Amino acid sequence: CIYDQGMLPLSKHYMWLHRLNEDSLMHTPEFVIKPRSHTVWEKQCVRLHCTISGWPEPRVVWYKNNVSIDPMAKPGKYKVESSYSVHSLEINKCDFDDTAQYRVSAMNSKGETSAFASVVVKTPCLEYGVKFETHIVEKFGVSFGREGETLSFGCSVIIYPSLQRFQPEIEWYRDDKLLVPSKWVQMHWSGDRATLTLSHLNKEDEGLYTLRVITKSGFETHSAYVFVRDADAEVAGAPGAPLDVQSLDANKDYVIVTWKQPAVDGGSPILGYFVDRCEVGMTHWFQCNDTPVKFARFPVTGLVEGRSYVFRVRAVNKAGMSHPSRVSEPVAAMDPADLLISHGVVPGRPRDLSVIEATKNYVVLSWKPPGDKGHEGVMYYVEKCVSGTDSWQRVNTEIPVKSPRFALFDLAEGKSYRFRVRCCNSAGVGEPSEPTEATTVGDKLDIPSAPGRVVPTRNTDTSVVVSWEASRAAKELVGYYIESSIAGRNTWEPCNNKPVKGTRFICHGLTTEESYVFRVRAVNAAGISDFSQESEAIKVKAAIGGGILHASPTPPYGITVLECVRDSMVLAWKQPTFIGGADITGYFIDYREVIGGVPGKWHEANIKSVSERVSELKENMLYQFQVRAANMAGVGIPSLPSETFKCEEWTIAVPGPPHDLQVQEVRKDSLVLLWKAPVYQGRDPVNGYYIDIKEAEADFEMWRGVNEKATNKTFMKVCIHVEEGESYVFRVRAQNKAGVGKASDPTEPVEAVTKPGTAEIVVNVDDDGVISLNFECSNLTADSKFVWSKNYKEMTEPERMTLETKGSKSKAIFKTPSEEDLGIYSCFVTHTDGASASYTLSEESETEFMISKLFHPSSPVIPLKTELAVELLEKGRVRFWLQAEKISANGKIEYVFNDNKYKMNFDKNTGVIEMFMESLGKEDEGTFTFQLQDGKATNQSSLVLIGDVFKQLQKESEFQKKEWIRKQGPHFVEYLGYEVTPECCVRLKCKVANMKKDSVALWYKDGREIKVNEKLDFSEGVLTLEITQVSNAGIYEVVLKDDRGKDTSTLNLTDQGNTAEKGFKTNSSTQLKIQSTEEGIRLYTFVNYYNDELHVTWHHKDAAIAFTERIKSGVVGEQLWLQISEPTEKDKGKYAIEFFDGKGGLRRTVELAGQAFTAFVSSAECTGNRLIIMFFTDRARVAGGLPDVVTIQEGKSLNLTCNIWGDPVPEVTWLKNEREMVSNDHYILKFESGKFASFTITCVNTSDSGKYSILVKNKYGTESGDFTVSVFLPDEDFRACITSPFSPSLC
């Protein structure tokens, strides 16, 4: 063997090249020259010819209207010739029947291709002004069929004048797509009747069928819907068969098969689909996938190159397998063209590598070959690696692929991969392509969201028009399935078995006089959405009024443009002058292009309001619009076409025109004009409006302004100072900083007259102090409704009012009147000739009595802010008090104790009602009641003080009284105690107060006075006595006295005394209590036997309290206290005091939180102390946990958690770029245990970058926390960001 440097042995090289070139020489047929169309006269001859290349040499067949031409069947008529790749068809002596579409087909083992040409044979008589009139009679109607059946339908056609040998052109369409004859579709024309036959019905055959009869003078059409029901399943509960199976992206290595999901799932969810293949010419089917696939798309591999295949799909659920779908069209497993590179050169890098499809089951790659080409074929190796690593693995190690596309399986779902491709030929393997971006294995296409509101509308005795709001942000939407059920039965039946594209559908085959409800769901390749909300029930019957022509609304009118951008316009129009006996449920708008002054075909856009945006228009194109209104009777006739509008973006600085002008409360000298703000704001926001008026018949120049200063409201009461009966029109102009914009369309003429029977709103205050606004209308109809508004905004569910309507009267009742209720109240009655009125409730309106009732209302029950409570004051005085929310100065209060009445103190400014008692005696034990009366409104509150509760209150009152008396003279602030000095001496110590010059302090031991050598310094307020010997043990006593009184403190320093005391000191304490003081909150307890040997410790939340200037403790007599000044949120919680006497201990606790905390702060407020913000401690807060900025790589997952505080538990809302977010598979939002909020983004992408916020809210307040998410691509420049210590944890 001879070797060439860097090459294979030549013998092997030639063998390899032979095999490669044998394949590369073969290619599908190609048309070098295609046949062209001809128009000829009768009796002339015509010749169609073409040039075709291909290897092996293709077989050529000619067709007429898809029927093959046999020259031997009509000798002399047709002549077919083939010579050196030139092929021709000659037609002799053409007649009208030769007018047709001709197709030439070329086929070899590599594939098939076709070309088309038309031949039109003209009859001379048709060129001389003959005008044909076409009439379609005996029309086919809505038809129903079942899978597997054969269905035929048609129409009779009458053409005048009837000319011999002249035949019209008959075309059939399904969903606006031209049908051609096939084994499933047969067409027949008998000369006066057109018939269409559908063999072996399948759900693909469902749709709107249209017959078009075409003559020289134009065409006529007729359409009707054909429904195809599922065949009975072989297994009960099995789903319906899939439909619309198609083969896409065919090449040597694989074919992608797609389909649509069935409407019927058999009662249980569809688990997936099986794809079957069959070679053309064979009858055996092979299953392509071992496990069901849920995605409605699957790449089929393992095909033999050059062979043709058909495919079908079956659905499966837990009950069993469906019938197979209709088979797809045949497709050949081969590339569109051969790819060659230069001989003897190692190929370069493939170009433009990209991931064209990625699901959780497979990934499809596509690329372009390198630039060098030659006679040698090129093959490819595909490599993959996990993102973040450089470990590349070859996927097709054994056999390189020949096509510039490849499908990869067996990838781990959720992982992120990169891919690259290398070229190879006999010279070697080339350099790899540039790798793709990281691709995460998973379904990128989401199941669509459920459609919006479903609105049924009456149509005929057996059909209903159903319209709905489209699914939001649905990608690659296939269509919608509609289901119906008799109201109350919950038994759902499909209305269509083939998805419909629009958002409006006519459901046929319903039972007359039955009530039905409807629901809709959307479908795309990822699956079928959830069902929409059920529609309201509708009874199936013909239009309201028994077929009266005006049962449906009259046409809208006055179509105008409110805003225009590059590809959309916002339209407005005026509502129909007559709505047809039922409320309007929506509008439908049609648009058409106007090119060169010639209008085109109408297209429908579904719109449900009086002004809306029409999207998907073409920039700089001219359009006309028409609008139809719908009610329960059906859809009305369309309006006249609008003016021609140009779709171009508005850039003017001033605002656009206001719209939807309405006139209410028409009187002989005034009326109220309402309008809506412009859709187009201009360069700056709108800051005011001007109203213009003129007589209805006056010229344009007679417009004059009503207001000299712009109003910032969208309503105005216009006073008309002219003769009664004059008619006027109005318009509104908006202004911003740039100036005044275009005026709105004028209103309809309004006659300034007060119509007979016009009523006004009457204000009434009854004996119980209830205020109401009352309106009566004498010309009601069966459909009339009273609509109440405040400041001309409808009150649908008013919080502060109750709306009542009985017969022809309606009233709005104030619940708790206050300043918030001031404003303009109006009432409008629908389905009348404009019955309406208003009333302005202001501080200047009505009488002084009315305003007094508004601001100081009396109601059947006087509302209380706090119930009856009791508290102790200085000198042991007892205060009983409550606070009323609202009570007038004329209110009366009585105090009842055991049926005895006493007088009360009443502060009308604060609503505080109180009574004082100097002390509590045994006779005061019982029930205390406050009785309130304000007009006819009453209330009462009681407090029961008996048993231990009363005794404890009495004891504390007596103590407070004694303490006050004691403190009037010299007294002890801290009683006698002791401490051990560093010199091992015992120092007796006490603290005194309220001393004067003649006050004396006497020391006693065991009843004998002790002479103290040192001079007492009362200015310091501290008395001490040092004991140097242990033998000085005994009972010590200090007596303070002067002419105002005396006070005594005793300390037992004997062994017997200490031992005796220890057993009962700790048990002599009372329960821990809470008291509001001027400084804040005081916690206290009483100990009957207290001295310094009793060790006391205060605790907060089980931790010892560190005393500060704000938090102090002390002892006064038998009372031990803890003072908390200026309480805050941190001071809430559990408090405890612990006693320890050397042998045992005792613990007393109290909870300072929630209602207790608020109640004591409220008490402090009511006693006249300074204001404390009550609800600060319970308001909603974000306690922490969120970063300021998060930088994260695309494809990763982000998880953040923060702590939430508040009582009651706050509501949590997440925002992205100031818009509320909803939890879904991509954004997972959680709030757990009322404390922890978490935020997760799965598989982050660049669209997730932005500003995020968490908003927490309860009745005490609102707080937010903000952070920014920045997503970057995994380039080298950004790797440093990944390792940043400030980055959050990545999943």
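Glycine is no exception: its Cβ is also placed from the backbone N, Cα and C atoms.
What TrEMBL says about this protein:
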type	residues	note
DOMAIN	29-120	domain 'Ig-like'
DOMAIN	147-227	domain 'Ig-like'
DOMAIN	241-336	domain 'Fibronectin type-III'
DOMAIN	349-443	domain 'Fibronectin type-III'
DOMAIN	450-543	domain 'Fibronectin type-III'
DOMAIN	555-650	domain 'Fibronectin type-III'
DOMAIN	657-757	domain 'Fibronectin type-III'
DOMAIN	756-842	domain 'Ig-like'
DOMAIN	970-1054	domain 'Ig-like'
DOMAIN	1192-1270	domain 'Ig-like'
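Spatially, the domain 'Ig-like' (147-227) is adjacent to the domain 'Fibronectin type-III' (450-543); three or more Cβ-Cβ distances between them are under 8 Å for residues at least 6 apart in sequence. Restricting the average to the domain 'Ig-like' (756-842) gives a pLDDT of 85. At the 8 Å Cβ threshold, with sequence separation of at least 6, the domain 'Fibronectin type-III' (349-443) lacks contact with the domain 'Fibronectin type-III' (657-757), having fewer than 3 such pairs. Secondary structure by DSSP for the domain 'Ig-like' (756-842): 3 helix, 42 strand, 42 coil.
Each residue of the domain 'Fibronectin type-III' (241-336) gets a DSSP state, and the totals for helix, strand and coil are 0 helix, 43 strand, 53 coil.
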